[in-house]
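Per TrEMBL, the features are as follows:
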| type | residues | note |
| --- | --- | --- |
| TRANSMEM | A:25-44 | transmembrane segment |
| TRANSMEM | A:83-101 | transmembrane segment |
| TRANSMEM | A:133-156 | transmembrane segment |
| TRANSMEM | A:162-184 | transmembrane segment |
| TRANSMEM | A:196-220 | transmembrane segment |
| TRANSMEM | A:240-261 | transmembrane segment |
| TRANSMEM | A:302-325 | transmembrane segment |
| TRANSMEM | A:345-372 | transmembrane segment |
| TRANSMEM | A:393-415 | transmembrane segment |
| TRANSMEM | A:435-456 | transmembrane segment |
| TRANSMEM | A:463-487 | transmembrane segment |
| TRANSMEM | A:507-528 | transmembrane segment |
């Protein structure tokens with residue numbers, strides 16, 4: 001009686017659908033979070049080889065700017081505390097951001113695309129479908145928590161601290177997944193839902209940064225998953241209360257999801273979209289203008305995020321560098337921990353500007369992925385049937401993305417300069433701009449890789465595009481940590497990035513990266529010209 | 001410019017081991033309304049994607065007014081396209097999409113476009129995400145009909161339209177033909193094809209089953225003949241092309257006839273026929289003749 005058995009479990013089928021949609025990304029996140037944790041924990045002995053190191057790293061904790069940027073460095077003298085400080089924020093942001101994107105994509109995105117109409121015409125209810133999709137994301141958060149805890153325990157750190165940190169990360173993942181699901185009930189489309197949840201992530205991260213940096217505002221940390229994780233002080237005090245607060249917050253938001261869903265129609269939200277508006281005909285006259293039009297909105301969002309972060313960098317730069325300049329031993333330790341040349345504003349800026357290639361390379365990849373998505377869901381069909389060559393279609397998108405990336409990195413330079421200037425530090429505007437522009441070839445490499453994937457393997461655009469800017473950075477960090485041979489490190493574009501404005505640009509490396517970008521782009525365009533559009 | 005609006009020469013498309021389209025040879029003549037019929041999965045959309053250069057043929061080639069279909073910058077100056085499943089940019093309003101299509105397309109008659117917006121009763125101020133399937137189709141139809149491109153390629157363009165809009169669609173197709181535009185209409189709505197098309201191609205499981213004018217197509221297929229007679233019953237059973245003979249009453253017969261009617265008429269002559277009615281097959285019956293037993297596969 002197979003048919004009866006199948007008919008009797010609509011919920012299980014929906015759960016399987018939910019898992020299928022997120023398993024690849026979820027696996028990558030869980031493995032990456034656990035792997036990064038294990039690798040950093042393994043480097044602790046290396047960093048601590050110098051007997052003076054423990055003391056000077058502890059001294060670092062007294063600097064508000066360091067707290068602001070990297071979190072409260074508590075328990076740095078233990079392998080666990082050191083690991084939490086080095087990767088805790090990164091893994092939490094990684095898991096939180098993924099949970100948000102996966103949740104809004106599989107719930108609101110599918111519903112907006114009309115694919116839930118059929119699903120919900122069956123026996124499964126809207127709240128049932130939502131619960132099962134959210135549960136799938138939450139299962140990945142739990143798996144990530146288990147992975148991190150396991151990695152820490154396997155590295156020989158005390159189990160209670162490992163458990164507190166792992167659970168904190170997992171709970172933050174649950175909280176952001178639930179937040180995204182709630183936002184997806186409020187807004188009838190995916191973009192504002194994702195935007196709102198990402199804003200919550202950014203604001204709560206900022207709240208922890210401010211709470212860490214400004215003692216009078218320390219209470220802000222109670223309002224932020226990141227702050228609560230810091231307050232739990234893994235490996236030092238192993239406090240459970242902040243985690244209970246985080247659990248309560250995640251549970252509250254989770255319960256609010258079905259309550260909100262019950263008050264809305266399928267394909268609708270709690271807020272109704274405007275039903276009509278006058279036509280805005282700007283930037284619709286050719287594909288190039290249209291590519292610019294479509295990039296403007298995401299560009300604004302990314303510029304706000306990146307601008308805020310680098311303003312913060314600028315505001316704290318003087319304080320950090322003065323502190324490090326007065327503590328040479330500490331500066332050496334910071335170099336060991338992956339932050340070299342932090343002793344001057346120029347060096348500090350140069351080090352942090354290199355990080356800029358990661359989000360901006362990610363931006364370029366996301367834009368090309370969106371272009372492939374437009375092709376896959378047939379939005380591109382009407383344009384592709386116009387007298388416009390394929391090369392021009394993809395070329396316009398690539399050029400608009402490259403221009404937007406230049407603007408993004410310039411925003412970072414401007415806000416860093418403004419932050420430094422506001423706090424009375426010394427960083428010339430031209431030096432700041434040279435510094436950020438120096439990272440552009442790495443961004444272009446990511447864009448070129450994404451174009452190549454668009455032309456030959458559109459399904460892999462996201463992965464291939466992220467490889468140079470994000471994969472390259474991870475490679476360098478990992479290679480540094482495990483003391484890999486030089487040629488491994490040299491595979492990362494970051495190892496060829498000169499510390500501008502501290503030093504001059506490495507023009508040979510820049511030329512190589514630009515040439516490589518050109519090859520990738522031309523090959524991608526060639527592939528796109530001859531392949532079938534996805535249907 | 002040649003008089004062949006669309007030409008497919010040994011056009012073949014394989015997806016791995018699946019042959020979606022097998023050796024299609026087809027000429028669409030300038031100025032005609034050409035119906036492209038076939039059940040779901042017969043290869044209609046695949047053919048159109050090849051004709052538009054959206055997909056590359058595995059072998060063979062296609063031309064639009066003598067221009068290779070792969071040369072899209074030239075070929076697409078000569079055509080406008082309505083996809084089967086119209087997807088639009090969700091944040092853009094109908095008016096914005098029509099503007100984009102007009103500015104990037106082969107030239108648009110803006111006054112006629114506004115007239116079409118009225119006739120199809122489209123509210124162009126709404127964002128595309130709020131449009132129903134039919135409204136999305138209207139946007140694409142208006143954009144295509146408003147162009148002065150000599151060829152319109154329409155892929156199942158009316159599947160989401162209500163009967164009133166379907167009538168507007170037929171009017172628009174006839175006006176396009178009156179202006180000299182060629183229309184390539186893929187459809188499985190037989191009434192629509194019957195109403196507007198001059199010639200029809202029938203596709204079955206990736207093969208071209210037949211190409212004929214509407215009347216030629218009917219002639220090739222079973223007509224239904226009803227006769228009343230006073231003499232002896234005609235000996236029709238042995239006449240080639242005659243099938244399904246049924247006695248419908250005293251001195252009344254009904255049978256189906258395929259091919260030339262002369263042999264049947266000869267055997268009827270002896271029967272003293274008092275009344276004779278011939279009904280041509282509807283396109284639906286023709287269609288079922290092709291697909292009825294095999295279900296198109």
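Using N, Cα and C of the backbone, Cβ positions are placed for all residues, glycine too.
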Seminar exercise, completed: Maximum Cβ pairs under 8 Å to the transmembrane segment (A:162-184) among A:83-101, A:393-415, A:435-456, A:507-528 is reached by A:83-101
Problem set entry | Tertiary contacts of the transmembrane segment (A:240-261), as residues 6+ beyond its ends and Cβ separation under 8 Å | 126-127, 130-131, 134, 164, 167-168, 171-172, 174-175, 178-179, 181-182, 185-186, 222, 225, 228-229, 231-232, 270
Seminar exercise, completed: Stretch winning on C-beta pairs under 8 A with the transmembrane segment (A:133-156) (pool: A:25-44, A:393-415, A:435-456, A:463-487) is A:25-44
Exercise. Same chain, outside the transmembrane segment (A:463-487) by at least 6, Cβ under 8 Å from its Cβ: which residues?
Worked result: 32, 36, 39-40, 42-43, 46, 338, 355, 357-358, 360-362, 364-365, 368-369, 442-443, 445-450, 452-453, 457, 493-495
Exercise. Do at least three C-beta pairs under 8 angstroms join the transmembrane segment (A:345-372) to the transmembrane segment (A:507-528), pairs 6 or more apart in sequence?
Worked result: no
